[in-house]
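Below: the structure, in structure tokens.
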Amino acid sequence: MSLAHDSDSRVQSRIRRWSLSRQPRQTSVRLTRKSVYILPTRTGVVFLLLLALLLVMGINYENNLIYALTFLLGSLFLVTILHTYNNLAGIELSAVRGSDCHAGEQAHFQLRLSQTGERDRIQMQLPEGTVHEVDLTESAQVVDLSCPARSRGYLKPEWVRLETVYPLGLFRAWTWCRLELTALVFPAPLESPLPEHMEATVSGSLVKARQGGTDDYIGLERFRPGMSPRQIDWKSLARGHGLQAKQFADLRSPELWLDLDAMGAENLERRLSRLTAWVLRLSQADLSYGLKLGQYTLAPASGEQQRQQALKALALYGLEPLRQEGAHASG
Amino acid sequence: MHQVETQITRAAVIWQLLACVLVVLPHLEWLPFWVPLLLLLTLGARLMIHQGRWSFPSRLIKLALVVASSLGLILSFGHQSGPETMVALLIVGMALKLVEIYRRRDALVVIYVAFFVLGTTFLFSSSAWIALYAAAVLTVVISALLAIHQRKGVSVKQTLKRSLWLLGPAVPLMVLLFLIFPRLEPLWSVTLDSPQATTGLSDNLSPGDVSNLARSDELAFRVTFDGEVPAPRQRYWRALVMDRFDGRQWYRSQETGALRSEKLEQTGDTTGYEVVLEATRRPWLVALDQPLSAPTGMQMRPARTLELKQDLNQRYSYQLSAALTYVLQPMLTQAEQQHYVQLPDSGNPEARALAQRWFDEAQGNQQAFIQRMMQHYNQSFVYTLSPGRLLGDSIDRFLFDTQRGYCEHYAAATSFMLRSVGIPARIVTGYQGGEWNPYQGYLQVRQYDAHAWVEVWQEGQGWVRLDPTAAVAPERIESSAESFLRRSSDSLAASLVFRSDWMRSLQLRYDAFNFVWQRWVLNYDREQENLLADWLGGLDYWRLALFLMLPGSAIFAFLAWSQLRRRTPRISDPVDAALFKLQARAGARFNAREPQQSLAHWLETLAGDWPEQEGRLLRLAELDNRRRYAGSHSDREAQAIIKLAGELMSQLPNRTQR
């Protein structure tokens, strides 16, 4: 038996389009009679052939017990329709969240399945995604589905397919749900060397930039006149070490600007990919950087939030209007 | 959660193995010895693989197995084409496939073959026990199929329960289909060898050669009567007529050219009855003396015995009518007279002499002669099933030396003496009597009811039945062989029917059950038309369709309802239940309650969509809030909530109004 259902077959995709056109995008869906489809599987058809053979045997040998067996299996075949349908119907499916990823990776979505009653195994799939088997044992469980993220931007899978062949594999019940699923797909990072002035900053001149800051305590030095009395380390004076001044440094690096327009005439997507790789690299080095994408400007900063904003801007540039984050941003 | 795997679970493997063994078990009695051995081998191998001690066999080993078993099949079944070959092939294939079940596909092949092998069981046996066994095995095979589709870690008990839950509703549907489905003529002819050896009547009779008559209590046939049941002494079931004697044995003559079909004049009522005859592997049938005519498919021999055109390899039932009082063939031609007085030229001189003396004493009066003969038997003869062998002239030895014998001895001696004085006579074999089964109202005739008697032809009266056994042991004829044998001092005979009263009643009940089984299940095709016409008042298509559809859809509706009930959460608190119901109904008409919405909030939004009921909705929201958060649990408020919810539901508009 093949679980690889041909969701690509023309009939299937036509039914799918029709089915999806009847449902709005929702955050939560309850599977009902109206949306669940059911057809015999290939093994179901083979089972019918087996029944035909048994029937011929019953007829030819005029054997009523073989007739009875054939009819029992035939009835079982029919009854299975209800059982298979029952394994899907009544499930409530809601979107929990989608995880961000880079184009070319798998985007992961978390869905919550709640149900009552006795159920067993179902399969779930997102468009082009791999089929996941889910054993419905709890009344509520969270399922992680994935599908390939082909390009940057918001990825909103058109449908979630649920199917089941439980209990005997003779019938397949399936449905497509339109769920409000969203994942943000960043451009695929394209590794390339940083522009020269940045490279120097990143590797060499870090230390110079540090002195005279106010943020981080880096050590003590001899108090010289002209220093702020606030810097005096009273504790060491008390211990009899003389006047010592606490020294602070700013870890803020010089301002690095990543500018889309300053990257030559390369294809936009490639430029965005390079910028993405740089953003990742600079955040890893915990440096402060700003981002300019045409009209959009992201003020220099460092940290996780900056990285997120930069990546989001890169993901959505040219696809969705970019919102300027923070009041201090300027053009 | 995990990726889809087509590899089957370990529990499923065990189910497959169990299913295979169980479907093969009933075939063991006829399978050549090596097939079960092969199955054991592959089963053991699969178990070793299951435990991780062996790995899956290499391609070479598999090839060797296939070649060896093909050779085995050719050697064992090369010359046969019956169903045995097919079933053996299937079982061997299944056994070989067992080794490599790993994926779902392999398991499916095994299970489908198992279904088929299970079906073929009924070709070899059709008792109610086998059917019961098959039902149990079917549950296991279904479990095996279920096991490859369900999740891991379902217990054995749970799996069996699920299978029964699947099969349960299918059973009434099966009964419906069984009742309705038209029974078709075979599409092509098949030969079916009944594997049972037969005990029964033989077409020759040489009582002197048998020292101990082995008689079994095996069922010969069952009879139901349309009207009144004939008295025990009228229950003569004729099967064969022996009309030639070669000095040692009586047999049926092959040249019947000189004989006309005998003419029957009925002088009394007609008795209609139906016989269900067990397989005999012989063509002849039994008929109550005397059958009126031969139904289609049978032929009547000149001496009014019935025969099929081919051997009877399966249980067979037929309807006949009989005349209990009659005149048969009042006139005989010269040739026929000659035929029925035939005797070898010499042999048994003492018997001939005795017969001649009696005939002379009776002055040629046939009646008186016969009377004399019967008296003679009555005086000094003993009825026994172990008369010992008779050497030489068997009739002389019987009449003058041993004087011990069973019906065949008496019949043979009587017709010999009749013929020796020129009176046409012949031996009829068949059954006499039978046991009445009060539980189902039928007569069961067993092999120990087999009997032989004489027909003697008399001027003006035609062929008349003459039963010499009645002169020796009248109670054998008046009651039944069963009770006669029971009272007999003959240990051999008594052992045959030794049973206490409660055992007897149990046996009768059991036989009655088997009769019902045969009549309503195994031979349902014969009853189908009458039964359906009786029940439905006709056999129109619409009646049949209704008969199928009405209960059928009721079963489906019940199943759907019970499934729906299981998956709808049950709420025990009446207030919660009322509110839940309102949510479901109103939610379907207007906007459903969002997961994050409180009930009161939802009711308030609903009031916007449904302004006609705003007052009630807001009141309900307030009550609910108070119940939930103010901790007030007065019955009055609970009643008010239930009442409000009920009123709102009754006021719901019929259509969606958005």
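Yeah, the Cβs are placed from backbone N, Cα and C, and that goes for glycine too.
Database features (TrEMBL):
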type	residues	note
DOMAIN	B:399-470	domain 'Transglutaminase-like'
TRANSMEM	B:7-25	transmembrane segment
TRANSMEM	B:61-79	transmembrane segment
TRANSMEM	B:107-124	transmembrane segment
TRANSMEM	B:130-148	transmembrane segment
TRANSMEM	B:164-181	transmembrane segment
TRANSMEM	B:541-561	transmembrane segment
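If one looks beyond the transmembrane segment (B:107-124) by at least 6 residues along the same chain, the residues whose Cβ comes under 8 Å of a Cβ in the stretch are 8, 12-13, 16, 19-20, 23-24, 26-27, 30, 83, 86-87, 90-91, 93-94, 97-98, 101, 130-131, 134, 137-138, 141, 144-145, 148, 192, 195. Restricting the average to the domain 'Transglutaminase-like' (B:399-470) gives a pLDDT of 89.
Note on the transmembrane segment (B:541-561): residues 169, 172-173, 176-177, 179-180, 532, 535 of its chain, located 6 or more positions outside it, place their CB under 8 angstroms from a CB of the stretch.
Break the domain 'Transglutaminase-like' (B:399-470) down by DSSP state and the numbers are 24 helix, 32 strand, 16 coil.
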